[in-house]
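**Student:** Next up is a structure, given as structure tokens.
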Amino acid sequence: MALRKLVAGNWKMNGNRAALAELDAIAMAAEANGGVDVAICPPFTLIAPAAERTPSLAIGAQDCHPAASGAHTGCISAAMLKEAGASLVIVGHSERRADNHETDMDIRAKAEAAIAAGLIAIVCVGETEAERDAGQAVSIVEGQLAGSVPPTGTGYTLVVAYEPVWAIGTGRTPSVADVAQMHAALRTKLGALLGAEGAKVRILYGGSVKPSNAAELMAVPDVDGALVGGASLKAADFVPIIEASG
Ligand SMILES: O=C[C@H](O)COP(=O)(O)O
């Protein structure tokens, strides 16, 4: 079953108010490519101004706390993101798994909080280079998925992003065959975890997606879109990726 593609940009800790000017051309491209869902996930401070500037563009966050509120200095809840104008949130990005020692259980709790607040949760999984070299990529990623995905997730509330850690920001990508193998394994595992809903959950590929490789990656079976880092910062790079995904 071909699912509607989602192309999401993760600005990570980049951007300022001036950079929001990039959103104008991205929103125009999103409108012109009506068969593709497009989202941008800027830093927390830019969510509200981004949502106000381009109401037609889906705006997301890059993390949320699992609790609804409370004494958690420096953290932000899913409901706060929703109120600021976000409609989705990335959880379990490998940079947060590594830097903040987030576990699969933490990530599942964040995804559940996001869904409870009415956000779409983008749950990230991906192997390290050492794990791939050891022939463990599929089993590691399947394990992350089983631990991180909320059992109540549906095609409307949940997105999975497969991001090989070694492909992020490096200019390297897995072969098309390796992407196909991993996405097929994730699709099967989603079915085992979520039943019929597993077939409706979009599985994005992320890791050095750029205009020159987007069409090839987006044509792989069970690749239902892209999670784009560096190439989402400039409309000149991101718009061709949107166009290649239609
Ligand atoms: O969330 C996005 C990914 O980490 C990919 O980043 P990248 O496109 O800069 O490799």
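Using N, Cα and C of the backbone, Cβ positions are placed for all residues, glycine too.
Per TrEMBL, the features are:
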ACT_SITE  His93  active site, electrophile
ACT_SITE  Glu163  active site, proton acceptor
BINDING   Asn10, Trp11, Lys12, Gly169, Ser208, Gly229, Gly230  substrate binding site
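Help me picture these features in the structure, burial and contacts included.
**Tutor:** Take the CB of His93 (active site, electrophile) and look out to 10 A: across all protein chains shown you find 27 other CB atoms.
Under a cutoff of 8 A between CB atoms, and with a sequence separation of 6+ in the same chain, the neighbours of Glu163 (active site, proton acceptor) are His93, Ser94, Cys124, Val125, Gly126, Tyr205, Gly206, Gly207, Leu227.
Of all Cβ atoms in the protein chains displayed, 26 besides its own lie within 10 Å of the Cβ of Asn10 (substrate binding site).
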**Student:** Quick check: which same-chain residues outside Asn10, Trp11, Lys12, Gly169, Ser208, Gly229, Gly230 lie with their CB within 8 A of the centre of the substrate site CB atoms?
**Tutor:** Asn14, Ile168, Val228, Ala231, Ser232, Leu233
**Student:** Using a 10 Å radius around each Cβ and counting other Cβ atoms from all shown chains, which of the binding-site residues Gly169, Gly230 yields the largest count?
**Tutor:** Gly230
**Student:** Return the residues near Gly229 (substrate binding site), defined as same-chain residues 6+ apart in sequence whose C-beta is under 8 angstroms from its C-beta, sorted by sequence, else 'none'.
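**Tutor:** Counting only residues 6 or more apart in sequence, the Cβ neighbours of Gly229 (substrate binding site) under 8 Å are Gly9, Asn10, Lys12, Ile168, Gly169, Gly206.
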**Student:** To see if you understand the setup: which same-chain residues, six or more apart in sequence, place their Cβ under 8 Å from that of Trp11 (substrate binding site)?
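**Tutor:** Listed in sequence order: Ala19, Ile40, Cys41, Pro42, Pro43, Leu46, Gln62, Ser232, Leu233.
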